[in-house]
Amino acid sequence: MKKILIIHTGGTISMKEDEKTGAVKPGEKNPLHDTTPSLKTLADIHVEELFHLPSPHMTPKEMLILRNTIEEKIKKEHFQGVVITHGTDTLEETAYFLDLTIQEDVPIVVTGAMRSSNEIGADGLYNLISSVKVASSDEARGKGVLVVLNDEIHTAKNVTKTHTSNIATFQSPQYGPIGIVTKRGVFFHHSPTKRVTYPIRQLSKNVVLLKAYAGMDDMLFDAIQTLPLDGLVIEALGQGNLPPKATKGVKSLLEKKIPIVLVSRCFNGIVQDIYGYEGGGKQLKEMGVIFSNGLNGQKARIKLLVALEMTNDDEKLQEMFMD
Ligand code: ASP
């Protein structure tokens, strides 16, 4: 039997529905503790209750504590796999942060639930069981941080929450899952090509995310210049373009040496410097905007937070965002 660590951080998977009001919220006790005995046939299970937070309450500070706890526990207590339970709203951000910053290659799986523990069709225990199976699988080693829900195995890099309430919410647009979990076992059908990790020890920068829209001008860019800002991610239009009036805002931030990373608000495809008109990708690239390689906005923000702990050299940042 593999020695597996389960770390609870909160989320719907650790909540209950109030039968009178219908409100779903955390209680005093995490209902997942009662489920631990049903996992003992699968692995040698050890449980750590790190946080009891809804995932909109997660911040980079908790992500860093979680990362440090995982690395320390793997090193000192020789766990062979780790499962993290987490709220689904920001699950992809935490999972991607762990993927970028954990050097160990033991399987690390993040899971959650769309229905709380006492609701009809609750998916929490089911997802937890699937995740323990994946974390115990030899094949899961070296594949980076994985996200397991609803019988599917996704990479932290590509997965995103696509539906507000459906249990099949976690999808990897364009790429799909890399494996499935069935009653008989864990089956991988793809492997990630490359994983680069960054050994940062702190998260001290302030990076914000803006979404482009038709008619966007420099108003928001002017407003954020008053903030203590270290970096900006813009979810641009299509292949990486902005409305012409927004380029003035981009230029003045770049002149202040604030790095700007461009992703697309389309959820498939990558940004490239294709268009030569005012606000088009070619002009943005020439101005020094960093083009990302297929990440969504919230994950590019996590990556820029991490990258800025390593360097603020534009060329090095651009290289990091090509991985
Ligand atoms: N709002 C909840 C959270 O992210 C949703 C969930 O866990 O599914 O904590």
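Every residue gets a Cβ built from N, Cα and C, even glycine.
When TrEMBL records Thr88, Asp89 as binding substrate, the matching candidate from Ser55, Ser117, Ser130 it lists for that site is Ser55. A Cβ within 8 Å of the Cβ centre of Ser55, Thr88, Asp89, the residues given for substrate, is found for these other residues of the same chain: Gly11, Thr12, Pro54, Pro56, His86, Gly87, Thr90, Leu91, Gly112, Lys161. Of all the recorded positions listed (Thr12, Ser55, Thr88), Thr12 sits in the most crowded Cβ setting, with the most other Cβ atoms within 10 Å. In the domain 'Asparaginase/glutaminase C-terminal' (206-321), helix, strand and coil residues by DSSP number 43 helix, 20 strand, 53 coil.
Averaged across the domain 'L-asparaginase N-terminal' (3-192), pLDDT in this predicted model comes to 96.
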